[in-house]
Amino acid sequence: MTNIRKTHPLMKIINDAFVDLPTPSNISSWWNFGSLLGLCLIMQILTGLFLAMHYTPDTTTAFSSITHICRDVNYGWIIRYLHANGASMFFICLYAHMGRGLYYGSHAFRETWNIGVILLFTVMATAFVGYVLPWGQMSFWGATVITNLLSAIPYIGTTLVEWVWGGFSVDKATLTRFFAFHFILPFIILALAIVHLIFLHETGSNNPTGIPSNMDNIPFHPYYTIKDMLGALLLILTLLMLTLFAPDLLGDPDNYTPANPLSTPTHIKPEWYFLFAYAILRSIPNKLGGVLALLLSILILAFIPMLHTSKQRSMMFRPFSQFLFWVLVADLLTLTWIGGQPVEHPYMIVGQFASILYFLLILVLMPVASLIENKLMKW
């Protein structure tokens, strides 16, 4: 008798994706982040669902409904902070996952990579609209500043901004629609993640060497299920440490002040995971130029497969490319730091230099380094 997991129409799909999936025998812990992202998404949907039961998307009551959740709802405070810090963990896993893909040449799987880029945009949109919901000072002004960027679009800009706002300023209509978007987008992310997996399972996983592993594959279960469990344990432990010991470490104190359209905070800045893009936006003294640079800083990922000039897939055996990759990581960390600083003399010039270096590395230096490595290998 054949096992039910191999014959049942539904269980067969799960079996082929998580049990009998042929997996390279040499993938490292950098391959854990995919499953961790799935775990983060499930946690965010669940905590978000319970928060939505008590939240009111109305300008007069939104802020106090968050206070009510934290003070009066049973374990409301932990649900709220798990959700807020869960977003940070989500982005840590997301950036690690993307970095791994870039380093080991996973962008050779074009479809999987492109769905991944779309997923990144969707997750960023979800996080942005979600940050507006507590209706604190930073929520309100962050929404005002970022949505206002649309006005840089020639001819239709102003109309577009007012259309997004649902009025002449960020108000009740904006908050209500942002709540609607924040509720629906995670389910779109879930659907896209399934498509991402479908495309990945068409080709099979990459591995650190970048060499096809078809002759040495092992079943996903039990080998990688147990390995993913360790990653999940570490993720949950980190999230709980953050939530229980320093829940406001990554938040902004300004968001504990109710939104006031009449008083602007001294430094308007987004959450830490958007600071690198915010620094790129601010480093260009022209509105439209800044918006284009902001968009390109993320969209550039879609062009990575076309910019791959090396004859080797992975960076494992390419020291020049490795060096430039870590320079890129350092550059992004610098941009993240700059994004959180005021627009003053030393920070501005450092931000501009780091922004130029970011595009230079991806568009010029890394492809050229790959060509030099090809020559050295006599390929």
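Note that Cβ sites are derived from N, Cα and C of the backbone, with glycine treated the same way.
Copied over from Swiss-Prot, here are the features:
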type	residues	note
TRANSMEM	33-53	transmembrane segment
TRANSMEM	77-98	transmembrane segment
BINDING	H83, H182	heme b b562 binding site
BINDING	H97, H196	heme b b566 binding site
TRANSMEM	113-133	transmembrane segment
TRANSMEM	178-198	transmembrane segment
BINDING	H201	ubiquinone binding site
TRANSMEM	226-246	transmembrane segment
TRANSMEM	288-308	transmembrane segment
TRANSMEM	320-340	transmembrane segment
TRANSMEM	347-367	transmembrane segment
Least Cβ-crowded entry, counting other Cβ within 10 Å, from the binding-site residues listed as H83, H196, H201: H201
Intrachain neighbours beyond the transmembrane segment (288-308), with Cβ under 8 angstroms and 6 or more residues off its ends: 98, 102, 105, 107-108, 110, 113-114, 117, 120-121, 124, 149, 152-154, 276-278, 280-282, 355, 358-359, 362-363, 366-367, 370
Chain residues in Cβ proximity to the transmembrane segment (347-367) (below 8 Å; excluding those fewer than six residues from its ends, i.e. six or more beyond): 279-280, 282-284, 293, 296-297, 300, 304, 307-309, 321, 324-325, 327-328, 331-332, 334-335, 338-339, 341
Tertiary contacts of the transmembrane segment (113-133) (same chain, 6+ residues out, Cβ under 8 Å): 55, 57, 62, 87, 90-91, 94, 98, 101, 106-107, 139-140, 142-143, 146, 170, 174-175, 178-179, 181-182, 185-186, 188-189, 192-193, 195-196, 199, 270-271, 273-274, 298-299, 301-302, 304-305
For the transmembrane segment (178-198), distant same-chain residues with Cβ under 8 A (at least six beyond the ends): 17, 37-38, 41, 44-45, 48, 52, 55, 57, 112, 115-116, 118-119, 122-123, 125-126, 129-130, 132-133, 143
Residue among binding-site residues H97, H196, H201 with Cα closest to the Cα of H182 (heme b b562 binding site): H196
Candidates 33-53, 77-98, 320-340; stretch with most C-beta pairs under 8 Å toward the transmembrane segment (226-246): 77-98
Nearest-integer angstrom distance between the alpha carbons (Cα) of H196 (heme b b566 binding site) and H83 (heme b b562 binding site): 24
Neighbour tally for H97 (heme b b566 binding site), based on other Cβ positions within 10 Å of its Cβ: 21
Tertiary contacts of the transmembrane segment (320-340) (same chain, 6+ residues out, Cβ under 8 Å): 99, 102-103, 269-270, 272, 274-280, 282, 310, 347, 350-351, 354-355, 357-358, 361-362, 365-366, 369-370, 372-373
Rounded inter-Cα distance in Å - H83 (heme b b562 binding site), the residue listed as 'ubiquinone binding site': 30
